Each structure stands twice: as C-alpha cells, then as structure tokens.
Amino acid sequence: MDKTVLILTPHGRDAAVAADLLNRHGIPALICEHLNALSSAVEQGAGAALVAEEALASADLDLLAARLEQQPPWSDFPFVVLANGHKGVRSTRAFETLDRLRNVVLLERPLHAESMVRAVRSALNARRRQYEARDVLARSREELERLVLERTREREEALAQLHEAQKLETIGQLTGGVAHDFNNLLTPVMGNLDLLRRRIAADDARSQRLVENALQATSRAATLVQRLLAFARRQDLQPKAVDVSGLLAGIEDLVTRSIGPTIAVSLKSPQSLPAARVDPSQLELAVLNLAINARDAMPGGGRLTIEIRQESIRSKPRDALKVGEYVCISVVDTGVGMDAATLKRAIEPFFSTKGVGKGTGLGLSMVHGLAAQSGGALLLSSKPGVGTRAELWLPVADEKAAASEQTQIEAIPAARPSTVLLVDDEELVRIGTAEMLMDLGYSVVQASSGAEALGLLRRGEIEVDLLVSDYLMPGMGGADMVREARKLRPALPALLITGYTNLVQGPGAELPRLAKPFRQAELASRIAELLEAAQSRDNVVHLPEAGRPHQSSVE
C-alpha cells in the first residue's frame, strides 16, 4: 500500500506547513495544486488525502466524485477535511459536498497540530485495513475457486463412473438375457448327448468318441455362458469359505502349463490367511483367466507373480470396496502394459486387443463380475512397457474353509419308483429333462406353466414325489409355484432349475437349485438327495406312549 498523504490547500503556505508537519512525524506527503491533480493522484494510488474545505468548491469536484464512485468494492478512500470554521449551522450544500467524498473525517479549524496528525494516522490505518481486507478476499476467492474446481472435478469423475456403471449395467442386462436363452438351448443338447452316450454300445469306439467330442464342445459353450453371466452378475454362484492359498496351490501346475515355458511363475502366499467367501470353481477360472491374459501380454516371455495377502478397509470405502476385511489376490506381469484408454475399457465384454480369433474379450469381464457379485472388486493398474497389475479383492468369510467335496460322475438311477412333476415353459428344455429323468427310472408328468402344474395337484390326478421347476417363467415363477404347491402338499420336496438368477438374494433362496446347463449325473444326484431326505422324514413315526419320534429302517 502507498502510504503517501495527498495535500490540497488553495491558499498561502498551508500546504507546505502541513506537508512539513507530516514529514516530521514520518508520514510522506504530496502537495496537489488543484482538484484535477488530486483526482489523478487518487487514481494512481495513495494512502489518504488532507483537503481544505474551500478547495472543494471547484467545479472539478465532479471528476473526483466520479472516480470515487468507480472504486472497487473493497476500497473506500479516506479524506481528512479541514473545515472553514463555520460559526453557525452548516448549510445543506456544504453537507452534500462532503457526502460526495464518501469517507470523510471533518476537523474544525483552528485545530491543534497533534489532532491533525492523529486524524491522518487514523485515515492511513483505515486505508491499510482496506488493503488487508482486499488481500483476505483475494485469498478466499482463490481458495473458493480451488474448492469449486476440486468439487467440479470430483463431480465429473463421479458422473463418469456413474455413466460407466450404467453402460456396463446395460451391457450386462443384454448379455445376461442372451446367456439365459443360450443356457436353455444348451440344456437339452447336453442332456440328449448324455442319453445318447449311455445307449451307445461299449465296443462302438467311434460313436463314443463323437459323442464325447460333442459333450466337450457343449461344456466349452457352457463355460463361455458362465463368463457372460459372471460379467452380468447373474450367474448362480455357490459361495463358501475357501482356503485361497490351498486352492491356488492346487492349480499352480495348471497355470504353469497354460502360460508356457518362457514365462517364470511365482506364487507367494503367507502361512496363515483367513478364508475368503467365494465360489471356488469360479475363482479357479478367474485366476486362470488373469494368468492367460498376462501370458498374452508377454509374447517374448517374462515373469508372472501371483501373490495372496490380507487387506483391511478401515474407515473410508475405497473404489467399489466397503469397510471390512479382504483377501487380495494380485496377478502381476512384466508385459507390454496398457495405456489409459485401453485400461478404461479393459473390463468391457468382447473388448480385446488380441486381434480377430485370438480371444473372446470376456476374461476380465468374467473376473469383474465374479468379484462384484461376491462382494469384492477387481482393481486394475497398468503402464505401457512396464506391465499390468490385477488385484482381485474378496471378502473374508465368517466361517473356516471346509474340505473339498468329491463330485458325482456317473448318473444315479432311481432307488425306488418315484413320480416327478416337471414344470418348464421352454419345450426343448422340458422334453430333454424329462428324457433324462425317465432314463434314470423316474415317472415324469410334464407341465408348461405353474398354473397348469397347480391345476394337476388340486385335482388330485397324480401322486407326485418330487417337483422340479424352472425358476423364471411367464406368469408365475418357480418359487411362487412351489409355495402354492406346498399349501396343498406341505412336505413336497422341490428343486428349482435356473438359467442365471442368483437365488441367494431373491425369492426361493431357501430352495434347492440346479444351474443350467446341467449333466444327467448332476440332475440325478440332486434328485436322489431330495428324495432320500423326504423318505427319511416320512419314516419318522410318533409313538404315543413314548412321546418321541422313532426312526424306522428303510428296506
């Protein structure tokens, strides 16, 4: 701030005397010859003005008043005016003249020199505070602009994430619908191939080989559908507590063989890790997909490091992760890496940089869907020429990991004569499933809708031992139909077959289920379990004299 005091006194040596007085008190002063000079000096910058009242009578006051009106909002230039020494009441015109100067301290003459110096100092202090206020306002404005820019950037990033999520959700809905229809086509194909394989003579090696090749093709198609459903987050997962270290150790040889001898594989796992809650078969497939993606990024060889660790999200959610404990599987390669544009689209289904015929573009989509549906997240980072890091975060399970179960390979025939009510609106699926059941020795009654099945039960036309129904049907869904059927037959066992709906979070979550497409052995195993459990319940006989149940033997 310029601390110079402008002095305007039109008569005698008053201006020189005032300037000398101010200088002796350490206040710089500048004498102005007339109002125009004072106006120019005010515009160029000064601390205050000491003006004799009679100098304001000039017509040039209009120019000064106009410049004062144009001051910025923070500025109010101070004037110390030496009055004429009126003995009577000050005229209205005199007051109006002073008002035009806006910020005025009026000193009546004659006055003591000390009083004038103190008035000038007060004016300079007021001017200094104005500059300080200006600086505070400037800093506040800069901070506000910074905050606005930061909030705007955060909002734009949030909107971009929302748009990306909406786009992926739309693609997922389309993908899930296509996969569901494809599952309905695969189910009868797989079932009929199973039936055909059982009917081919054991010495007909060529026919057996042809059927096995067809079954392998349908299994690969089913795997492709599972990837689509994983991206759409509509696969019917079987989550459980999984020992991730043990699971990855079990597939280490498979990973090594899949990526070839030019890539060194390293698996790092601590001695003690909590179990993760995830579908173990889908986790194996996800890790294998990440490893194959890494292999394709290292055509000339390199290093692949798979590391497992425990992570915690303590206070603030990170990315798509909520507060909690996680098991993190990181798959790191030394490949070509991805630029920002490629990384942004990496999890989109069917997006691939491998060229036509070299990949479906569903690997990362499947991993992303599995992580999201399991309550975790897939986090990707990459740098061209350095490599890519994929982190699969899975929530820690509340329970301990259980030992792995052996799966049934051969179809279990009916243990006793039983009737199955089969309900499915898709004719091909219904007929194919019925053929598999009849081949196992079951009697089958077919219905194309829930209403038709309930009508058969209400009329008492059939004795049903088991109800098998599609989950998603027009009109009445499978879960609702089972609920109505059990009003007629409370103990009726039921099995839901589903193309993609995750029943764990929907109606019918408590009901046994079987995911499409399924093999005859899988169907036979589930039905045998349900009928055996129902038979065990039926064999509980209440003895009045004992007042407690007795389990009879089953011949």
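Placement of Cβ uses the backbone N, Cα and C atoms for every residue, glycine included.
Small disclaimer: the values here were computed from a predicted structure and weren't measured.
Annotation source TrEMBL lists domain 'Histidine kinase' at 177-398.
According to TrEMBL, the feature domain 'Response regulatory' maps to 419-531. Here the domain 'Response regulatory' (419-531) has, by DSSP, the following mix of helix, strand and coil residues: 49 helix, 23 strand, 41 coil.
With a cut-off of 8 Å between CB atoms and residues at least 6 apart in sequence, the same chain places VAL423, ASP424, ASP425, GLU426, VAL429, GLY478, LEU496, ILE497, THR498, GLY499 near ASP470 (4-aspartylphosphate), listed in sequence order. The 4-aspartylphosphate annotation in TrEMBL covers ASP470.
Taking the domain 'Histidine kinase' (177-398) as a whole, pLDDT averages 83 in the prediction.
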